[in-house]
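Right, one structure below, let's go through it.
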Amino acid sequence: MKCAHFVQQQCLSCRHINQPMPVQVAAKSQVLSQLLSGFEVEQWREPVFGPESGFRNKAKMVVLGAAHQPILGIVTPTGEPVSLCDCNLYPIDMQQLLHRLELFVRQAGIPPYNVDKVKGELKFILLTRSQIKGEYLLRFVLRSHKSIERIERELPQLLSEYPQIKVVSVNIQPVHMAILEGEEELFLTEETRLSEQFNDVPLFIRPKSFFQTHPEIAAKLYQTAREWVAELKPDTLWDLFCGVGGFGLHCASKQSALTGIEISAEAITCAKLSAEAMGLTQVNFTALDSTGFAQGCDAKDKPDVVIVNPPRRGIGESLCQSLSAFAPKAILYSSCNPHTLAKDLACIQGYRVQKVQLFDMFPHTDHFEVLVMLLKDA
């Protein structure tokens, strides 16, 4: 993939952009193989990867420049602001909308937040795209409430031009710190969630809920998880760090009981909506800390299968110990950090590594997703 920003050393996020996708994936596979070399892996599945461009469904744009000439993008290594509205990771329609949002900020006259001077209002514009319908969730991250009226003044024209923008919100982030969002979220549209669908599972996205950024690979990841779990025919499932429920909802059946645990209340709201839409009645999604939940359960609550999809820090020693004690017949671990994955696998006692498969969720970078099936020792 060609990128002028990379050639000019303005943006270095896609550090492996000059390598063909198969070469990138081979290098990632080698890293994973080395990290898991201490484990006896019964089956290495072929890695899964997708297109090199137009795949990303979320843009996190720093708002730079001035009110009369705003720039949505990043600060270069040399300190210059550069627009990334034409980033090839985004679909063409998303690039076009990002350019229109630069114009929107100028028309609204909202001063970008200046970190050095601690002045200005608009910090970030966050844009999420639903691949099923090409609809959008748009968020403005502001320092205060001062500029909300300016956004509301220009919003009707924007929505008339882009009716596919279904959800618009303002997030208030008042502190002078490198924090993406604050606690307060104000909706400027009647709709408060974006509809999405992976495979046959309806999913919903709210402003603060985590969602995978590569829909094509995420759908394949969820489908693979479904197939692996189906082989076990579980009656009870736990989905820890469940987010909006993608893994659990793919793996549950109308006969099985699913418990989903996630710290984000917004994500749990979305998961409940999905379960209702699917007609699943033996489902319990709850906003709790996953480690605390597991530690508070009794042995009689032991599930047949536990699914974990933690953040980059992994599940940690305490949860590893809890899972080892519960001894479900299988643990399905989806990881975005192979280093913490290897550490956790070494901590979980009494299991063998049945299957491992790499999913290249983050092309042109060193990052990737890994799906691992652990089976209880006989």
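Yeah, the Cβs are placed from backbone N, Cα and C, and that goes for glycine too.
Now, the feature entries from Swiss-Prot:
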ACT_SITE  CYS336  active site, nucleophile
BINDING   CYS3, CYS11, CYS14, CYS87  [4Fe-4S] cluster binding site
BINDING   GLN212, PHE241, GLU262, ASN309  S-adenosyl-L-methionine binding site
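Largest Cα-Cα distance over the residues recorded as binding S-adenosyl-L-methionine, namely GLN212, PHE241, GLU262, ASN309, equals 15 Å. The separation of CYS3 ([4Fe-4S] cluster binding site) from GLU262 (S-adenosyl-L-methionine binding site), Cα to Cα, is 38 Å. For CYS87 ([4Fe-4S] cluster binding site), the count of additional Cβ atoms within 10 Å of its Cβ stands at 21 [all protein chains shown]. Compute the center of the Cβ atoms of CYS3, CYS11, CYS14, CYS87, which mark the site for [4Fe-4S] cluster; besides them, the chain residues with Cβ within 8 Å of that center are HIS5, PHE6, SER13, ILE17, LEU84, ASN88, LEU89, HIS364. In this structure, the CA atom of CYS14 ([4Fe-4S] cluster binding site) is 24 Å away from the CA atom of ASN309 (S-adenosyl-L-methionine binding site). Other Cβ atoms within 10 Å of the Cβ of ASN309 (S-adenosyl-L-methionine binding site), summed over all protein chains shown, number 26.
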